[in-house]
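S.K.: According to TrEMBL, the feature domain 'ABC transmembrane type-1' maps to 61-260, 346-536. Positions annotated as transmembrane segment by TrEMBL: 12-41, 61-86, 93-117, 137-163, 184-206, 239-260, 295-320, 350-371, 380-403, 409-425, 477-498, 518-541.
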């Protein structure tokens, strides 16, 4: 009798968890995305003339495509050179470069723009301080340079993961037969890298075309789709035209996502046939980069590393000096201002990030369990919906939330709930992928054995599977916290004066020319994010031991 009641309670709880997952996807994914798509369609009562909006903004659209193409090509070329050094280079140098790549991934969205102005502005450390020039830093060149620099990190990680699995014996045999390194690269390594390079190009193109933070600060009069969306919403309150422009971003992102899924499956198949890792041990000098290819890769990597170091050194310099230039006096005024005026915003950012990290981790676990482990009815649809918010630009998602939740039955605009909800929706895709990969390492026989002993599905999830998923919990929490702390585009239209986050304080300081205050906020964000992520990792290690 007791076991029957326990099974029924377990079944009810199992259904409740599935309902929570489906309800979240329906309310916080389908509804907002559907709202902005509906707003843009011709048969919507409030929709503007789509052709007229696109014609008026054709220049911004072409500008965005132009910049995105240049950024994609430049970023992927740099990433390929850096990934070769990380994989084939000496271990100490490779570790240092990997650390700098990781640092570039944890940067606030306006750090690149701030550093660019400090280095190359009219009173910049390089242009004015070293070269004696006074030139305008604004325009498409700065956008391309800084986007390419900071989009390189994720491409390096992706390409490095492919290079690690290149067949060591094939490379060794080619080198033993006297083939130069450039021929080994062209004939063996590059063909296997093509799907990975294609994925990098697609992802970088979408990230660039949807980027708002860089063009709005250093773009000057150079208009892009994202900046025009902001002007339409904030300057003209024209949500219809903004929705039409969002539809352009959404279409580009959706096409890229479909292509990514196809290329991703090709990449997975190729990776399984690549063989053992090619990363060299200390005594395996045969795999070192040599010749012209090695020189080129090391020069590019050194330039990339120097640029990242220069960016952060510039931020530190700006945070503790008064004014710009090499002769600017040291000061603690920016730190004092941070403690007096920005602590509340930083605390609010931490709270939102912790809540969204926890929520995205829970929903990601449920999605991975029901979709990839249990394969319940509608699994494909649930998988698509949990991935959709991550694949579309944050500015699209944020506009959808405004349109969906500015009236009953869920009037959430102006509350903290809507901010946590959009941050959660944006991060669940990574959480789902992390838990799916971890669940693939747990044999299904473990589930079956627990069920044979009478355990309900919920007990299998929490009592059997969850303890084996600590690494996935760590990845999900760290990614969720970092992404939420640094989020800007997704919450751009949702933040109200009483709920400002640290990123918005950073943007306000930067827009007002208070570069020292902006630099100090940037340092605080990087420090807090690093400390909290380290705490998450340490907690999980302790629990494992």
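Using N, Cα and C of the backbone, Cβ positions are placed for all residues, glycine too.
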S.K.: Are there residues at least six beyond either end of the transmembrane segment (518-541) with Cβ under 8 Å to its Cβ atoms? List them, or say none.
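M.R.: Long-range Cβ neighbours of the transmembrane segment (518-541): 106-108, 110-111, 114, 118, 315-319, 334-335, 337-338, 342, 346, 349-350, 353, 470-471, 473-474, 477-478, 481-482, 485-486, 502-503, 505-506, 509-510.
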S.K.: Considering only Cβ pairs under 8 Å, which range in 184-206, 295-320, 350-371 makes the most contacts with the transmembrane segment (239-260)?
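M.R.: Looking only at 184-206, 295-320, 350-371, the most contacts with the transmembrane segment (239-260) come from 184-206.
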S.K.: Take the transmembrane segment (477-498) and find every residue of the same chain, 6 or more past its ends, with a Cβ under 8 Å from one of its Cβ atoms.
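M.R.: That would be 106-110, 210-213, 226, 230, 233, 349-350, 352-354, 356-358, 360-361, 393-395, 397-399, 401-402, 413-414, 418-419, 422-424, 426-427, 430-431, 434, 504, 507, 525, 528-529, 532-533, 536-537.
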S.K.: Quick one: do the transmembrane segment (93-117) and the transmembrane segment (295-320) have at least 3 Cβ pairs under 8 Å, skipping pairs fewer than 6 apart in sequence?
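M.R.: Stretch pair touches.
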S.K.: I'm a bit unsure how to read this: which one of 61-86, 184-206, 350-371 has the highest number of Cβ pairs shorter than 8 Å with the transmembrane segment (137-163)?
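M.R.: Looking only at 61-86, 184-206, 350-371, the most contacts with the transmembrane segment (137-163) come from 61-86.
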S.K.: Contact between the transmembrane segment (295-320) and the transmembrane segment (350-371) is defined here as three or more C-beta pairs under 8 Å separated by at least 6 residues; is that satisfied?
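M.R.: Taking Cβ pairs at least 6 residues apart, the transmembrane segment (295-320) and the transmembrane segment (350-371) are not in contact, as fewer than 3 fall under 8 Å.
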S.K.: For the transmembrane segment (380-403), what are the same-chain contacts with Cβ under 8 Å, counting residues 6+ beyond its ends?
M.R.: 21-22, 25, 29-36, 39, 206, 209-210, 212, 226, 229-230, 233, 239, 242-243, 246, 249-250, 253-254, 256-257, 260, 363-364, 367, 370-372, 412-413, 418, 421-422, 425-430, 432, 487-494
S.K.: For the transmembrane segment (12-41) and the transmembrane segment (409-425), does the number of C-beta pairs under 8 Å, pairs 6 or more apart in sequence, reach 3 or more?
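M.R.: Contact confirmed: at least 3 Cβ pairs fall under 8 Å.
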S.K.: State the residues, same chain only, that lie 6 or more residues beyond the ends of the transmembrane segment (295-320) and have a CB under 8 A from a CB inside it; answer 'none' if no residue qualifies.
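M.R.: Beyond its ends, the transmembrane segment (295-320) has Cβ neighbours at 77-78, 81-82, 84-85, 89, 96-97, 100, 103-104, 111-112, 114-115, 118-119, 125, 149, 152, 289, 328, 330-332, 334-335, 515-516, 518-520, 522-523.
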